[in-house]
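The following features are taken from TrEMBL:
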type: SIGNAL; residues: 1-18; note: signal peptide
type: DOMAIN; residues: 211-564; note: domain 'Peptidase S53'
type: ACT_SITE; residues: 285; note: active site, charge relay system
type: ACT_SITE; residues: 289; note: active site, charge relay system
type: ACT_SITE; residues: 482; note: active site, charge relay system
type: BINDING; residues: 524, 525, 543, 545; note: Ca(2+) binding site
């Protein structure tokens with residue numbers, strides 16, 4: 001009897017071991033509803049092929065520590081930047097995880113292709129199969145306001161065997177987001193006037209009271225006119241939403257406002273995701289960005305990176321552009337962008353992934369600049385805000401965010417200058433003292449309207465009004481943080497040129513330096529505010545504030561700080 005019982009039990013285990021094991025699906029990402037404006041319009045065609053990307057999980061703690069090591073003055077690794085190979089090794093997903101994900105895909109008859117970096121896998125899968133293998137319900141959603149249509153799901157699941165190794169699948173639940181801020185706006189001629197013409201860093205021509213030109217900025221911020229000499233010092237100006245720049249306009253602009261240099265100086269154009277540069281239709285933003293980088297960072301090699309929207313809107317462009325730059329053996333030493341999004345419209349996992357990619361780029365020696373936005377304490381959405389709404393990527397702690405000022409003696413905060421505190425990202429160590437000091441002075445003002453523990457922005461500022469820009473042959477005055485941002489980036493590009501000529505590394509990620517020794521090279525702005533959401537917003541004050549950051553730049557003071 002005992003022997004018979006053991007035989008029966010042995011047979012049961014043999015059958016069990018030989019049977020297929022069901023790898024149950026578990027919800028990996030879900031959202032309660034489609035974003036405002038999107039409504040389900042039809043079931044997705046089962047045969048439509050989806051282009052999906054799998055973001056593999058990596059350990060970002062080592063990345064952030066390395067970024068701080070190479071970016072903090074006094075560190076033994078200060079400005080000892082990583083190579084592409086070193087970065088790939090530092091951020092590589094686990095071999096076990098990658099193998100598990102590929103095995104799961106193979107089981108479903110799918111072969112993944114490599115993404116721009118080793119942290120991504122690309123797959124092509126029909127809707128019917130995607131629904132089955134992901135426990136999803138891919139549906140056609142339409143936004144009648146924008147005319148955008150996209151196939152998305154509100155949730156998807158992954159088997160237990162791969163779930164721990166996948167960050168997210170894009171753009172499964174990420175709806176298209178268009179850039180909604182940072183786009184420069186033209187002013188009616190004569191509607192703005194600077195208050196005076198004297199300034200701490202320098203003295204400008206009286207004409208600068210009504211119109212900002214490269215010569216005004218050179219005087220205001222002690223920016224040199226001598227051309228750069230180092231070819232390895234490069235700058236990328238990124239362009240989205242069909243923002244174009246004309247080489248003919250640039251040539252005439254230089255003739256008008258930089259007669260001391262050749263009007264033959266120009267820029268290169270690189271396309272991504274089907275982006276183009278239609279020079280017959282130059283935009284305000286594209287014209288501004290190019291004319292005030294090429295026109296200020298004299299002879300620094302500059303590339304205009306024009307990025308198409310793609311299936312995920314401009315958010316996909318942001319994702320693709322930073323990964324494209326990371327894939328380069330020699331990424332730019334300066335990268336400036338005047339576009340962004342309402343933070344709440346960007347899925348948090350995607351925002352974190354893009355922010356971590358900026359950390360990688362910074363650790364490789366790139367100074368990254370973003371404009372804070374032009375909506376005060378709001379994020380530029382048309383809906384009424386009941387709490388302050390931050391912008392993205394402004395909340396990312398691994399980029400330098402630029403606000404705007406107006407007037408020159410004293411210079412005050414431009415009332416449109418966006419600033420505040422992220423709801424996604426916590427305050428980094430490098431700014432906790434500065435932010436804590438501001439909040440203690442702020443007291444109960446605006447209590448409950450913002451996240452006191454969030455990353456504060458902007459970091460710095462510069463004049464952002466009445467820029468004279470040649471657009472389709474005509475000079476027009478332009479304002480916005482998208483004016484102050486390429487200006488600040490150009491100043492850093494010129495500093496990089498001197499560092500490289502001196503045999504040193506470029507400046508790289510600036511913030512840990514700016515919030516410490518860099519304070520000596522910045523002029524504090526203590527007046528003005530950025531109203532919005534039915535309030536007066538945040539007031540500027542001594543030290544850091546969420547309107548003008550730490551203040552405005554002085555090139556000569558930076559030269560002294562860097563020992564050049």
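Our numbering is plain: 1 for the first residue shown, then up by one each step along the chain.
For all residues, glycine too, the Cβ spot is worked out from N, Cα and C.
Automatic prediction, not curation, is the source of TrEMBL annotations.
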Candidates 285, 289, 525, 543 (recorded positions) with Cα within 10 Å of residue 482 (active site, charge relay system): 285, 289
Sparsest Cβ surroundings (other CB atoms within 10 Å) among the recorded positions 289, 524: 524
Average model confidence [pLDDT] within the domain 'Peptidase S53' (211-564): 96
Packing count at residue 482 (active site, charge relay system) (other Cβ atoms within 10 Å of its Cβ): 33
Spatial neighbours, same chain, of residue 543 (Ca(2+) binding site) - Cβ under 8 Å, 6+ residues apart: 434, 437, 438, 524, 550
Other residues, Cβ within 8 Å of 524, 525, 543, 545 Cβ centroid (Ca(2+) site): 526, 540, 541, 542, 544, 548, 549, 550, 551
CB contacts for residue 525 (Ca(2+) binding site) [other CB atoms within 10 A, all chains]: 28
Which of 285, 545, the listed recorded positions, has fewest other Cβ atoms within 10 Å: 285
